[in-house]
Number of protein chains: 2
Amino acid sequence: MGHSVPDRVENEELDVPSLRSSHGQMENLQSVHKVGFPPQRNFFREFKDTLKETLFADDPLRRYKDQPRSRKLILGLQFLFPILEWGRDYNFSKLKGDLIAGLTIASLCIPQDIAYAKLANMDPQYGLYCSFVPPLIYAVMGSSRDIAIGPVAVVSLLLGTLIQNEVDPVTEKAEYIRLAFTATFFAGITQAALGFLRLGFLIEFLSHAAIVGFMGGAAITIALQQLKGFLGIRNFTKNSDIISVMKSVRSSAHHGWNWQTILIGSTFLAFLLFAKYIGKKKKSLFWVPAIAPLISVILSTLFVDITHAENHGVQIVRHIDKGINPSSVNKIHFTGSYAAKGFRIGLVAAMVALTEAVAIGRTFAAMKEYQLDGNKEMVALGTMNVIGSMTSCYVATGSFSRSAVNYMAGCQTAVSNMIMSAVVLLTLELITPLFKYTPNAILASIIISAVIGLIDYEAAYLIWKVDKLDFVACMGAFFGVVFVSVEIGLLVAVSISLAKILLQVTRPRTALLGNLPSTMIYRNIEQYPEATKVPGVLIVRVDSAIYFTNSNYVKERILRWLGDEEEQLKAKQLPRIEFLIVEMSPVTDIDTSGIHAFEELHKSLQKRSIQLVLANPGPVVIDKLRLAEFTELIGHDKIFLTVGEAVMTCAQMAREDA
Amino acid sequence: MGHSVPDRVENEELDVPSLRSSHGQMENLQSVHKVGFPPQRNFFREFKDTLKETLFADDPLRRYKDQPRSRKLILGLQFLFPILEWGRDYNFSKLKGDLIAGLTIASLCIPQDIAYAKLANMDPQYGLYCSFVPPLIYAVMGSSRDIAIGPVAVVSLLLGTLIQNEVDPVTEKAEYIRLAFTATFFAGITQAALGFLRLGFLIEFLSHAAIVGFMGGAAITIALQQLKGFLGIRNFTKNSDIISVMKSVRSSAHHGWNWQTILIGSTFLAFLLFAKYIGKKKKSLFWVPAIAPLISVILSTLFVDITHAENHGVQIVRHIDKGINPSSVNKIHFTGSYAAKGFRIGLVAAMVALTEAVAIGRTFAAMKEYQLDGNKEMVALGTMNVIGSMTSCYVATGSFSRSAVNYMAGCQTAVSNMIMSAVVLLTLELITPLFKYTPNAILASIIISAVIGLIDYEAAYLIWKVDKLDFVACMGAFFGVVFVSVEIGLLVAVSISLAKILLQVTRPRTALLGNLPSTMIYRNIEQYPEATKVPGVLIVRVDSAIYFTNSNYVKERILRWLGDEEEQLKAKQLPRIEFLIVEMSPVTDIDTSGIHAFEELHKSLQKRSIQLVLANPGPVVIDKLRLAEFTELIGHDKIFLTVGEAVMTCAQMAREDA
């Protein structure tokens, strides 16, 4: 130990009654307590526990314990197909709620589906296909009661952009559609695999701030793209960034705009926005914005049909295939370079789709107070997309707008999705030909009014208020999407999210602690200006686990606190520091690099005749310090249960010293 | 607040004297303290502080404060060229130490340089070049006093493998060398840029465990490759994995081995290992292993020269260019596809070289108690490699073995590097032709005996003892190198290191706290089995900052603790939980997702008539909770300075309730 501290028996832990009186202002005397060593655990136990906490945090097998085999089978089936569970309690009053909700979301989804398919560069019927098969599968396997399944704007745009980079949607239409199904297939496989391997927590690496920015940017990008349909422009850029789009719009200003189109589009956009406003103003009128799109479609279609506006340059849908989803198993590339491309695109689409679906599921589960198993949801969503890819659907997921309508319309279970699906079936079988005269402008209006809701400026403002770095991430994602492309925006969002994590891990906070007057409590002197430093003792708290990423920083930061303090003391001619107490309460873990850093710290301090003292190391930390024999290096009597006790003892030692 | 708690004025913080007596066993009464709010800081201040702590943690500009302009210039020059600083105090006694150390490392580096050049698939003189120019540059700009600069085994092997993948070293020799210089140039640029942008902390993302595994694996790979020279095999595999090498060795067993080569090699290998053993046994004989390689080279060269063993199949060096480094500025590709390849290879080599140099620098700085600025070191190493690339050197860095010899031989400053450089200069100018008859087998023996030291099984054992997951990372890197390739091993090392960080961030620890008998202290009941739970109160500590990556997990984990506890209480028919206290001391930060999770937690608890209480939120956390109006949501009177005070007040409330 160097230095002149009275020799103690090294292994004896401190329980010395004579240390009871010390440290000026202290009123509350306490005996000194031992730091507890946790019970030894062997490697496999430890490994298993870590693995379990990481992958099975929600303990999904708990309910199978102590059950007979037949019961286990039933529980297992119910786990895979929650419909078997809630289906038994299904009754008429629930059906009433689901029926109303199902019809409402159906009326909303039909025009949206047709419009979103265009975002994905596909024919309108493909959008409707996605609202027929996937909701049925989800209703059987999913456990959210409120989510409305189908194609969504952001995923449609993402798929459209990514596939378009590989295959031209106009000249190589058949190949384009094959690649879309391939991507959908692999997206489903990815989602199911993530859920099955219980890696669902991976989607949490996309931070809330990044998602807000990404969604907002995507909404603006999508809205801008609608200028094509809205203004009736024929030659439009394929790029999605704001600069290319604006150039396209300007260059077509003289000859490309069509006033009839603009008239129809803006009239109905005004109508849609007004309906939205009414729905927001009065919650009980939620159905007004929900059916407004369908009404717009019907009215505008009638209008075009009667006036034959299509002969005056108003672009119309022209053709939708009749009939339900054809099989597309033979269109999926399972091998070859297209399979690889499909896999890459599918992976990206899968993550975005999952993020959206899980966020929706969680939000409504929290509102209605039921538990949602994220991993199980992923298996359901994945299976749904795999089957979807074989029945001519592209990636479907939960839609923000339709789920909200579903919730407000009083849905009770996933039956509302089945009702919607049935309505879509009828639409496909009977009335698709009627959409022939639907003007593209109306679809553009519907998309614009739908994606406006994705711009969550309130959330952005809250992020700005609470965490400026998060706001930078949010804006990075936003501008990445708006000025470059959806992929770049996504990349920016992911990178900033990861960089933020890594940064936090590399530069943990440290704080100087002081004594709150007339207590044994020691707190950050920046937060509690009334806290006073203890003469001769420097107390530093390290606010993070100490790992290889930060061990050097932590060591050097502690030495810097010490250096600064010593400089000040010297200037004021106060007594020098004799003890450095490191408050370890927030240090939840340490690795070999961390221990190494502490050894170096100890060595540095020894040379300056300062003693290193630890307060309240946690179970994992004290165990590792002991294994690495660091506790013996500094002496067991230098490890205390609380900062208060450490200070008390140090003050005592200093007095004995003097 | 729901529930029957007496209404308080919401904004009044708790300082109520009537709460003084409560909670059975408690002896030490304390008044309830306010949680401090930190002073408000504006965005730019906050942003600047974060940036400063991340990039300028060591405050390099501190010494320029309050200095006149001319002094600032001098300090700035001294900062860039530390030789200006330490040079002024240089004296004869220091020179003596440096002279001995310099001569010793020169005798060690000459044979090593020739051998390592072969690892990089280059002619022997290139190794010597790397020990001439780079050490001179480093001596002027570097701040480590003990590091010995030159080519090292692992970087040579890495460069050799990576460049060989692009260009064949035999058939396209000129292009190979050009690419090597290009890679070196970009490696230097990368290193200098990292240092200049103060991003040096990035190299800390390679964990200690991963480095131990990687180095061990590289050592074995390098040793295996030496079987070619050692056994005198002519047709040897280009792959570096153990399986290919062993196949090569076996297939050449019948006709390819040369007994004379094996005899020379194994004799001298035994000699080298014995010398190493002596050096380890007695620290004062450190010079024995240091000069053993040179002696081996001299003896074996003489032996071959006399016996003309080269005519009996013993492979010899045959030719080394005489003269110092020729310029190679015109050989560097600054543009084109080779520049891109060189950049990629240089980036990887730069990181590995930096990791090694910084680790060495830090180790010896800690031993001799001086500070080392990592970022400044990187600028020095980078500049050295940029200039090196223009003077026919490939990537040089600090060598473990030579630095240790340098230290033990009593080096005082970087002058020992200059001495070594001077000796290499003489060697290049005068005696290179004498190396003509040096057998390759002796070089193989030198490499084998050198890299054996990189296998740090003691460190691996300590890692195993302290942290099993770290050990998995270590072994992953090791087997990646040994069984696949150096790049794959490096990739595995980096991936595992990053995955470990991310995992830690996603699944933070939580703990139930209990009261230590007859104290106000609350600790983890797993670590302190004597700690008792407080009836009606559940105390949970969250051991990490709460961010988007873990906010959902934290919320669900807390609810699970609550659920488990309630089940137990029900079974034992004990009173139900009324208060959930979350100990926030280790929660150093929170983001919007985290606050959101707390809002949901609050909502869930409200439905169960349980009150959420927070203990000791830190400055950042309380500030953000206030900004997000969460403090008002749960009530300011639910936030306490310590768990003890929270429990006291809760017990009081419960009594008033009853």
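Just so you know, glycine gets a Cβ as well, placed from its N, Cα and C.
What TrEMBL says about this one:
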type: COMPBIAS; residues: A:1-11; note: compositional bias 'Basic and acidic residues'
type: DOMAIN; residues: A:527-650; note: domain 'STAS'
type: REGION; residues: A:1-22; note: region 'Disordered'
type: TRANSMEM; residues: A:147-164; note: transmembrane segment
type: TRANSMEM; residues: A:176-197; note: transmembrane segment
type: TRANSMEM; residues: A:209-227; note: transmembrane segment
type: TRANSMEM; residues: A:257-278; note: transmembrane segment
type: TRANSMEM; residues: A:285-304; note: transmembrane segment
type: TRANSMEM; residues: A:345-367; note: transmembrane segment
type: TRANSMEM; residues: A:379-401; note: transmembrane segment
type: TRANSMEM; residues: A:407-428; note: transmembrane segment
type: TRANSMEM; residues: A:440-464; note: transmembrane segment
type: TRANSMEM; residues: A:476-499; note: transmembrane segment
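Ranking A:176-197, A:209-227, A:257-278, A:285-304, A:407-428 by CB pairs under 8 A with the transmembrane segment (A:147-164) puts A:209-227 at the top. For the transmembrane segment (A:379-401), the most Cβ-contacting stretch among A:285-304, A:407-428, A:440-464, A:476-499 is A:440-464 (pairs under 8 Å). Tallying C-beta pairs under 8 angstroms between the transmembrane segment (A:209-227) and each of A:176-197, A:285-304, A:440-464 places A:440-464 first. Proximity of distant same-chain residues to the transmembrane segment (A:440-464), defined by a Cβ-Cβ separation under 8 Å and at least 6 residues beyond the stretch ends, is recorded for 111-112, 114-116, 118-119, 153-154, 208-209, 212-213, 215-216, 218-220, 222-223, 226-230, 232, 261-262, 264-266, 268-269, 272-273, 276, 293, 296-297, 300-301, 314-317, 400-401, 470-471, 474. Within the chain carrying the transmembrane segment (A:345-367), a Cβ under 8 angstroms from the stretch's Cβ atoms is held by residues 144-147, 152, 154-155, 158-159, 162-163, 166, 179, 182-191, 194, 200, 203, 206, 211, 374, 377-378, 381-382, 385, 395-400, 403, 407, 487, 490, all 6 or more beyond its ends. Residues 55, 120-122, 126, 159, 162-164, 166-169, 203, 328, 331-333, 338-339, 341-343, 345-347, 349-351, 353-354, 374-390, 392-395 of the same chain lie 6 or more positions beyond the ends of the transmembrane segment (A:176-197) yet place their CB under 8 Å from a CB of it. Through the fold, the transmembrane segment (A:476-499) approaches residues 157-158, 161-162, 205-207, 209-214, 216-218, 220-221, 239-243, 348, 352 of its own chain, all at least 6 residues removed from its boundaries and within a Cβ separation under 8 Å.
Per DSSP, the secondary structure of the domain 'STAS' (A:527-650) breaks down as 63 helix, 21 strand, 40 coil. The average per-residue pLDDT of the prediction over the domain 'STAS' (A:527-650) is 87, rounded to a whole number.
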